[in-house]
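Sequence annotations record features per position, and here TrEMBL assigns region 'Phosphopantothenoylcysteine decarboxylase' to 1-205. According to TrEMBL, the feature domain 'Flavoprotein' maps to 4-177. What TrEMBL records for 156 is active site, proton donor. Per TrEMBL, the feature domain 'DNA/pantothenate metabolism flavoprotein C-terminal' maps to 202-409. If you look up TrEMBL, you'll see 206-420 marked as region 'Phosphopantothenate--cysteine ligase'. Per TrEMBL, the feature CTP binding site maps to 293, 303, 321, 322, 323, 324, 340, 354, 358.
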Ligand code: CTP
């Protein structure tokens, strides 16, 4: 198999130093790497370092006569299997979204006919700014894969999402993008990459529930569970990346809304049930929320006080609606209905029983015996009437992406999205 060719565009940001490690990982994996440095990128890493590591010429200027003669910028933009932008600064993302081509990097990005992967890195406020979020939605709509930045402490001392994903994670995203890249033969009359309408879930509407529910006892107390919402949010993000229209009904979790996702916040199971009902129809519903099974039978309007007698107030519970089972019985049942189940023992047996009891099509059974809720990975088994598909332990984002592929295949079986 021919070595995969990566055109790596390095923007200007403190995280640019991580691109050196990325080049090393790509070379180690046998890939060919050509680097392009923006003028700002040159402030953080030198062309000499990149040339030595990539064992290739490094390009910096649009108006370099010698480079143009050796390899024109159009050819440079096409002579790759994948164009990777890392770090993708707010400025680069904005120019890419607007189609501005005012230096070599942005000209290549506009001229390329190859898939593009961007790994953002910027200050948390810049990442969360509506302008950047708008640009990310635009780029994803254009078929660009925009990774989620990492969350953590930043060079500027602030905390939040905006850190460049680690080189290993970018390398994994590159492998995924190369695996997804279409065969060399272009579709008739179409460029040979995946614009919005060729992404696997384009034209589909997906409903996702995520997080816990909070069931109030009185104005200051509630019943809850340990769900972090991370897996559900990763699923909503992956669905949007795959081109779907995504509605996320979220219980109370402090997670940012994934780009391209419409989010409705709810607190209780009863509110979640109502929002799910209002969101229909959908092509698929993925019920990841850890809905509380019970709520307080009567919620007090005033805080319950100790009366000093040692008397413990009784807490009567009422059963919450089973949203998934209700959806399965509904006239508006989505063609593909997926439940989640966190189990500590007899995972498959419990999942099979739950599949029948809830009337859904798949149960994604999550083995939480080794890893409590709230972790970064999941080991899941997809249980359906056709059998059990067991996956290795994977990061939640990878579970989400793999699930989207399976969902896209399943929906295509029911009704092909388009025939071209
Ligand atoms: N679910 C739901 N409404 C509820 C409870 C659960 O929609 N009131 C959904 C969850 O979103 C999940 C699936 O049902 O997709 C399984 O949730 P789980 O809590 O495992 O199901 P339970 O019926 O509560 O089973 P268990 O007795 O194991 O808790």
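Even glycines carry a Cβ here, placed using N, Cα and C.
All annotation found in TrEMBL is predicted automatically rather than curated by experts.
Note that the structure is a prediction, hence the values are computed from the model and not measured.
Between residue 340 (CTP binding site) and the residue listed as 'active site, proton donor', the C-alpha separation comes to 39 Å. Within 10 Å of the C-beta of residue 321 (CTP binding site) there are 16 other C-beta atoms, taking all protein chains into account.
Residues 293, 323, 340, taken from the recorded positions 156, 293, 323, 340, are distinguished by a CB atom under 6 angstroms from ligand 1.
Around the Cβ of residue 293 (CTP binding site), the same chain contributes 319, 320, each under 8 angstroms and 6 or more positions distant in sequence. Taking the Cα of the residue listed as 'active site, proton donor' as the reference point, the closest of the binding-site residues 321, 323, 358 is 323.
Each of the recorded positions 156, 358 was scored by the other Cβ atoms within 10 Å of its Cβ; the lowest score goes to 156. The Cβ neighbour count for residue 323 (CTP binding site), using a 10 Å radius and every protein chain shown, is 25.
Neighbour count (other Cβ atoms within 10 Å of the Cβ, all protein chains): 26 for residue 340 (CTP binding site).
Mean pLDDT across the region 'Phosphopantothenoylcysteine decarboxylase' (1-205) comes to 86 in this model. Under the DSSP three-state reduction, residue 358 (CTP binding site) is assigned to helix.
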